[in-house]
Amino acid sequence: MAIKYELIKECKQTGARLGKIHTPHGTIETPIFMPVGTQATVKSMTPEELKEIESQIILSNTYHLYLRPGHDLVEKAGGLHKFMNWDRPILTDSGGFQVFSLGDLRKISEEGVEFRSHIDGSKHFISPEKAIEIQNSLGSDIIMAFDECAPYPADREYVKNSLERTTRWAKRCKKAHKNTDTQGLFGIIQGGIYKDMREQSAKEITELDFPGYAVGGLSVGEPKPLMYEVLEYTTPLMPKNKPRYLMGVGSPDCLIEGVIRGIDMFDCVLPTRIARNGTAMTSQGRVTIKQARFYDDFTPLDPECDCYTCRNYTKAYLRHLFKANEILSARLFSYHNLYFLLKLMKNIREAIKNDNLLDYRKEFFEKYGYEL
Ligand SMILES: CNc1nc2c(CCNCC3CCCCC3)c3nc(N)[nH]c(=O)c3cc2[nH]1
């Protein structure tokens with residue numbers, strides 16, 4: 001079987017779990033944060049640097065790679081692992097979210113989605129079958145069903161029609177998936193912020209017996225407490241012996257709150273995106289380096305961090321790099337932010353092991369500046 005989840009321990013105080021996901025390219029310890037590599041690269045990082053910070057799995061995307069360089073080229077190169085020189089696990093998203101976030105540049109039908117490329121405006125069509133064909137060519141270890149992520153807010157009628165189409169598309173994806181022994185296909189649960197819809201989607205999607213499941217349709221602008229509430233009644237509907245992936249999340253507080261509510265896998269563009277704006281996630285909260293107060297601050301970005309950036313450079317130097325628009329700025333901030341989130345997940349796994357996750361949350365929030 002391509003993907004095998006091993007539940008190691010259930011937290012006594014919360015819904016958190018410790019687990020392992022066995023894949024053809026290695027084993028992933030969960031809970032885990034997955035760095036995003038949209039166009040077959042985690043922006044500005046080499047695979048060696050990703051291994052240095054102990055990244056166990058990275059994400060890429062059907063939509064982007066289909067448009068450029070084309071999935072047939074990647075297949076000709078021997079697949080995405082060989083093409084980008086990454087020999088650890090890769091998860092690809094189906095592109096559902098991307099084509100839906102194109103707004104009016106797209107037309108949805110039962111057959112699939114017609115959209116215009118964000119690169120050159122050319123017209124394209126992705127069906128569930130096409131999304132699976134592309135991911136089969138890419139050879140990623142975990143592939144995602146082609147789904148519709150309903151916008152927020154969306155009324156009950158829209159959400160119901162959308163989740164029922166996502167279920168019909170999930171069946172088509174399962175039928176179209178060729179490489180079941182090397183690539184695990186995850187189903188995606190939708191249903192917006194409506195409890196009865198989430199129950200319906202969870203029932204319909206888990207009935208299809210996928211090796212793992214994602215909670216989709218969240219982190220789309222809803223307030224965080226509402227996202228946490230949806231998780232509280234959705235994760236218990238998902239099989240305990242399968243990985244649970246919360247798509248597009250997130251910031252440090254969301255990662256901790258998501259783990260507490262039973263989530264095992266997360267992805268977010270935040271660490272590398274804010275890095276390009278000279279913003280760092282640190283133990284004392286966010287630091288935006290362009291502020292004048294850092295002009296002659298010769299202390300590390302994060303005094304409690306032992307990453308390459310924090311051990312070798314000062315805020316004053318990092319501010320200079322950012323102001324001078326130097327490429328090294330994006331690299332050093334990306335390296336630190338990814339290290340920070342991967343270290344946070346390592347600390348969370350440790351806290352689950354020691355049954356003190358709630359104490360860890362309290363301590364982290366007090367320092368990072370979140371209200372509990
Ligand atoms: C940011 N919030 C959010 N993201 C969602 C995403 C995307 C998750 N990240 C994938 C990466 C994005 C950059 C390129 C590489 C893949 C969602 N994806 C799908 N298929 N369905 C969702 O409901 C879905 C819902 C999401 N909500």
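Backbone N, Cα and C atoms are what each Cβ position is placed from, and that goes for glycine too.
For Asp93 (active site, proton acceptor), the same-chain residues 6+ apart in sequence whose C-beta sits under 8 angstroms from its C-beta are Leu59, Ser60, Asn61, Thr62, Tyr63, Met144, Met247. Taken from TrEMBL, the feature active site, proton acceptor covers Asp93.
The active site, nucleophile annotation in TrEMBL covers Asp267. All protein chains shown were included, and the count of other CB atoms within 10 Å of the CB of Asp267 (active site, nucleophile) stands at 22. Annotation note: Asp267 (active site, nucleophile) sits in a strand segment as assigned by DSSP.
Annotation for Gly96 (substrate binding site): same-chain Cβ neighbours under 8 Å, separated by at least 6 residues, are Ala131, Met144, Ala145, Phe146, Asp147, Glu148, Cys149, Ile188, Gly216. Here TrEMBL flags Asp93, Ser94, Gly95, Gly96, Phe97, Asp147, Gln190, Gly217 as substrate binding site.
Secondary structure at Cys305 (Zn(2+) binding site), taken from DSSP and collapsed to helix, strand or coil, is coil. Of all Cβ atoms in the shown protein chains, 19 besides its own fall within 10 Å of the Cβ of Cys305 (Zn(2+) binding site). According to TrEMBL, the feature Zn(2+) binding site maps to Cys305, Cys307, Cys310, His336.
The domain 'tRNA-guanine(15) transglycosylase-like' annotation in TrEMBL covers 14-368.
Positions annotated as region 'RNA binding' by TrEMBL: 248-254 (among others). Distant neighbours of the region 'RNA binding' (248-254): 97, 218-220, 224, 227, 263, 266-268, 270, 281, 340-341, 344, 364-365, 368, 370; these residues of the same chain sit at least 6 beyond its ends, with a Cβ under 8 Å from one of its Cβ atoms.
Through the fold, the region 'RNA binding' (272-276) approaches residues 35-36, 42-45, 286, 330, 333-334, 336-338 of its own chain, all at least 6 residues removed from its boundaries and within a Cβ separation under 8 Å. The region 'RNA binding' feature in TrEMBL is assigned to 272-276 (among others).
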### Task
Compute the centroid of the Cβ atoms of Asp93, Ser94, Gly95, Gly96, Phe97, Asp147, Gln190, Gly217, then list the same-chain residues not in that set whose Cβ lies within 8 Å of it, in sequence order, for the substrate site.
Phe100, Met144, Ala145, Phe146, Glu148, Cys149, Ile188, Gly216, Met247
#### Entry: Pairwise CA distance, Cys307 (Zn(2+) binding site) versus Phe97 (substrate binding site), rounded so that it is a whole Å
33
### Task
Spatially speaking, which of the binding-site residues Cys305, Cys310, His336 is closest to Phe97 (substrate binding site)? Use C-alpha to C-alpha, please.
His336
## Note on the structure
The rounded CA-CA distance in Å from His336 (Zn(2+) binding site) to Ser94 (substrate binding site) is 28
#### Entry: Cys310 (Zn(2+) binding site) and Ser94 (substrate binding site), distance between Cα atoms, whole Å
36
## Note on the structure
Simplified to three states, DSSP reports Asp147 (substrate binding site) as coil
